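Novice: Mind looking over this structure? Questions follow.
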Ligand SMILES: Nc1nc(=O)n([C@H]2C[C@H](O)[C@@H](COP(=O)(O)O)O2)cc1CO
Ligand SMILES: [Zn+2]
């Protein structure tokens with residue numbers, strides 16, 4: 001809660017630049033981009049894993065956002081979301097588009113050359129191919145939880161060969177709270 005007993009100078013000293021009054025607890029660029037990826041993941045219908053991705057140009061503009069979901073025109077209610085069926089055709093993996101693929105396909109620019117992709121999960125080998133072919137140069141990932149899977153090892157092999165850098169996301173913040181209620185009137 002705001003401390004109303006502080007005078008103006010103290011407020012400026014605590015919250016911002018005392019010369020100009022600028023806020024200093026604004027979101028860092030990296031936190032902003034990863035938060036957009038994570039927010040986008042909340043749109044996913046996958047009960048087991050929600051993944052989001054956000055593509056950013058060299059001049060820090062968001063040029064594509066995606067999350068894991070079924071292909072356009074294929075109803076979420078008709079294709080399977082499970083993964084434990086004996087028949088491959090009854091499992092989600094045959095159908096679901098990964099967050100990174102969707103972010104690339106949803107791009108709102110001519111291309112994504114030299115961009116960075118912020119993604120909640122390290123890209124699989126199929127998305128790695130798309131990332132490389134699309135011209136993206138850098139990957140910032142939140143989780144590397146599948147790091148021992150063959151698909152991820154293949155991704156890293158291709159990224160290393162193609163000279164694409166990847167690093168795990170780090171932040172001073174542990175959370176960002178989004179309040180969807182109207183701010184209380186003062
Ligand atoms: N990088 C990724 N981006 C993604 O969008 N996914 C998606 C595919 C599935 O919908 C889900 C993984 O499901 P599961 O294997 O944890 O039940 O996450 C998965 C990975 C992992 O490489
Ligand atoms: Zn993938």
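Just so you know, glycine gets a Cβ as well, placed from its N, Cα and C.
Curation plays no part in TrEMBL annotations; they are all automatic predictions.
So TrEMBL lists the following for this protein:
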- 28-166: domain 'CMP/dCMP-type deaminase' (DOMAIN)
- 98, 124, 127: Zn(2+) binding site (BINDING)
- 100: active site, proton donor (ACT_SITE)
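Describe the structural context of each listed feature in the structure shown, including burial, neighbouring residues and relevant distances.
Specialist: Listed in sequence order, 98, 100, 101, 155 are the same-chain residues six or more apart from residue 127 (Zn(2+) binding site) with CB atoms under 8 A from its CB.
In the three-state DSSP classification, residue 100 (active site, proton donor) falls within a helix. Counting Cβ atoms from all protein chains shown, residue 100 (active site, proton donor) has 33 others lying within 10 Å of its own Cβ.
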Novice: For residue 124 (Zn(2+) binding site), which of the three DSSP-derived states applies: helix, strand, or coil?
Specialist: coil
